[in-house]
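Enquirer: Can you keep this structure in mind? I'll have questions shortly.
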Amino acid sequence: MNKLDISTINIEQLTSDHAKKIVDFLALELQKYDQAYYSDNNPLVTDAQYDVLKNLNNKIVAKFPHLALVNDHSKKVGFTPSAQFSKVVHLKPMLSLANGFCVEDISNFITKIQNFLKIDHCPKIVCEYKIDGLSFNARYEYGVLTLASTRGDGQIGENITENLKTIQSFPQTLPITDKVFEVRGEIYITNNDFRVLNIQQQKLGKALFSNPRNAAAGSIRQLDPAITAQRPLKYFVYALGEVTNHHFASTQFELLQKLSQLKFSVNTDYILSDNLHSMIEFYNNVATERNNLAFEIDGVVYKVNDFALQERLGATSTSPRFAIAYKFPALIGRTKITNITLQVGKTGAVTPVALLIPINIAGVTISRATLHNKQEIESKDIRIGDYVFLHRAGDVIPKINGVDLSARDAQSSTRFIFPATCPSCNQNLVVNEGETVARCGNSLACPAQIYERICHFVSKDALNIDGLGRQRIRFLLDNKYIVNIVDIFLLEENNKLLSSNKLEDIAGWGIKSVNKLFKNINQAKNVILDRFIYALAVKHVGKYSAKLLAKEFKTAKNFIDQSLKLANNVTEIYEKLCNIEGLGVKTADQLKQFFMVSANVNLITKLVNILTIQDWQYHGDNLLLSNQTIVFTGTFATVSRSEIKVQAEKLGAKVGTQVSNNTDLLVVGNKAGNKLQKAQQLGIKIINEEEWIKMVNE
């Protein structure tokens, strides 16, 4: 058996012979992956992919017990320690946790505990983060650190004593006199330190680490402790190993507090629960805030709080019965590229996009992924027909990490030939100096660029015309209702003049929908200066740059007058823009080029005659909410989310998306989410919609 398609396996229909072939195949695959993960610090598959294979192995062995081998992965923890390190026998086995992947799994975990203990209630459960690092055990004898080791295979680990001592915050001595006192935890590297470390590796011409977990593992397992000392390692402790004082703590909650008192680093984001609802609520809250953490986590851990109950529950050969890890959905998946198309952006950038067999990653179905540019395709040797690994973090656009070369079919995979001309208007593509992206320079006549600029102009952060989405814009352009941005504001009047094919008569539109659209267009005619500047889609002018330009020019008239002087090579204006922090040479150059095109100037002149562009209203630190960060949550009855954001910005505030220690104020509407709970925990000031409106009006 060379390959295995697990989607076709029905365990209930397996014969013993077929099951044996699959288990034999899985044994070899899992052993290979264990070697790469635990010993080489260079995983070949994602955690999620590994979990799928291991769970399949466990289920088959459960149905066919005679297939269980001495080294069967249903009874295995970790990987055999490397011969490069001296071996350490764990006085108390370092077991791995059983995994749960859905609410039902966690519910079953509680039910099994109740049945085992013969109780009819949920015992108290401590809910903690599952840190994605390298597990370790540290032994103290009479208060002195004498030995530290990795998990290894759960029975025998690797001696990392001298390496662990290089972590500055790790206690070398403890104010206790116990003969043996072992703590267990996780060694990790923060996301920011990981990025810095990889930059250093690149400068030194060394291999880059694939993720923070591998960086931490590779750093603590250095043969030379001096190298480990140069790495920004951190740790959390969360459990005991072997101890001679069995009365140190009676519960997990008490243990975490006492470990903290001993000056160990303990993650303080844990809660005590006694029901499934609050356990799942903890998981959901953590999942929401996951991408805002300084370090990587891959789930949460639930542990029975009472150590006496933990002792009664005991463990299987691989995992304790009193704990379970509720893993986050996979952020990495594998799927097939069916085609590669080209997408032309509002500034002419031509981006290759991979069309994929749809795959669900972290609850989101993904069918497209950007390939960025020609160099990206060539450097990763990405071809049509390839199976690729996708990565998605939070709401970030999915990225193709690499190709599964073992699955490549040479006969069916096809190299993508990047064209020399624009797929929309056939003009020659150019790659500007200092860039890697190919661009179409036919900005005024390229249909794709016209379409994208209109979409940008009406978008949420620009003029925010509700009801005018991409599909409707495509319809209006294709059917000649509009040909440019100005036509949007003439749409209502022009529609009245039509003798046939009025918008309200078109299927999918309707009189109510059309009237609402016209109302929204008219409301959008009143716009603040920075949003107007942003809406123009000048290259290198984003939302922040637009605010800086609005702050500099104050009025629409001055913005246009000064920009025209800039286009006419007035050095004073150019130098002034170049010296504004956050703008610089690139923005000044692009604004100059934009106003050198007469068609752009004509467009702006027409828009100024149609729109009411409000002057910049920033008044420095005298504004009510100057230098404050405000977050909004829930739905609001009297104002839209976009309008309330504008209100905040007019008062000098910075609008955030997540609640953190840097948040000054949370404004809550109906059906407020997890942000409210987080703000309450952090002691952040909270007001409702009515109080907000009163504040704004004052």
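Here the Cβ of each residue, glycine as well, is placed from N, Cα and C on the backbone.
Okay, these came from Swiss-Prot:
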| type | residues | note |
| --- | --- | --- |
| ACT_SITE | Lys130 | active site, N6-AMP-lysine intermediate |
| BINDING | Asp47, Ala48, Gln49, Tyr50, Asp51, Ser96, Leu97, Glu128, Arg151, Glu186, Lys303, Lys327 | NAD(+) binding site |
| BINDING | Cys422, Cys425, Cys440, Cys446 | Zn(2+) binding site |
| DOMAIN | 620-698 | domain 'BRCT' |
Enquirer: By CA distance, which of the recorded positions (Gln49, Leu97, Lys130, Arg151, Lys303) lies nearest to Cys446 (Zn(2+) binding site)?
Expert: Gln49
Enquirer: Which whole-number value in Å describes the distance between the Cα atoms of Leu97 (NAD(+) binding site) and Cys425 (Zn(2+) binding site)?
Expert: 58
Enquirer: Tell me the residue counts in helix, strand and coil for the domain 'BRCT' (620-698), as DSSP assigns them.
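Expert: Reading the DSSP string over the domain 'BRCT' (620-698) gives 31 helix, 18 strand, 30 coil.
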Enquirer: Can you name the residues of this chain that are 6 or more positions from Cys440 (Zn(2+) binding site) yet have a C-beta less than 8 Å from its C-beta?
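Expert: For Cys440 (Zn(2+) binding site), the qualifying residues are Val344, Gly348, Val350, Cys422, Ser424, Cys425, Gln427, Leu429, Cys446, Ala448, Gln449.
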Enquirer: Can you tell me how far the Cα of Asp51 (NAD(+) binding site) sits from the Cα of the residue listed as 'active site, N6-AMP-lysine intermediate', in Å?
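Expert: Rounded to a whole number, the Cα-Cα distance is 16 Å.
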Enquirer: In the structure shown, which of the recorded positions Lys130, Arg151, Cys425, Cys446 has the fewest Cβ neighbours within 10 Å?
Expert: Cys425
Enquirer: How many Å separate the Cα atoms of Arg151 (NAD(+) binding site) and Lys130 (active site, N6-AMP-lysine intermediate)?
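Expert: With distance taken Cα to Cα, Lys130 (active site, N6-AMP-lysine intermediate) is 16 Å from Arg151 (NAD(+) binding site).
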Enquirer: Considering the binding-site residues Leu97, Cys422, which residue's Cβ sits among the greatest number of other Cβ atoms within 10 Å?
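Expert: Compared across Leu97, Cys422, the most Cβ atoms within 10 Å surround Cys422.
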Enquirer: Between Lys130 (active site, N6-AMP-lysine intermediate) and Lys303 (NAD(+) binding site), what C-alpha distance do you get in Å?
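Expert: Pair distance, Cα basis, whole Å: 12 Å.
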Enquirer: State the mean pLDDT for the domain 'BRCT' (620-698).
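Expert: Looking only at the domain 'BRCT' (620-698), pLDDT averages out to 81.
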Enquirer: According to DSSP, does Lys303 (NAD(+) binding site) fall in a helix, a strand, or coil?
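Expert: Looking at the DSSP assignment, Lys303 (NAD(+) binding site) belongs to a strand.
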Enquirer: Could you tell me which of these binding-site residues, Gln49, Asp51, Lys303, has the fewest other Cβ atoms within 10 Å of its Cβ?
Expert: Asp51
Enquirer: Helix, strand or coil for Asp51 (NAD(+) binding site)? Use DSSP.
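Expert: Its secondary structure by DSSP: helix.
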Enquirer: Other than Cys422, Cys425, Cys440, Cys446, which residues of the same chain sit close to Zn(2+)? List them in sequence order, counting a residue when its Cβ is within 8 Å of the Cβ centroid of the site.
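Expert: What remains near the Cβ centre is Val344, Gly348, Thr421, Pro423, Ser424, Asn426, Gln427, Gly441, Asn442, Ala445, Pro447, Ala448, Gln449.
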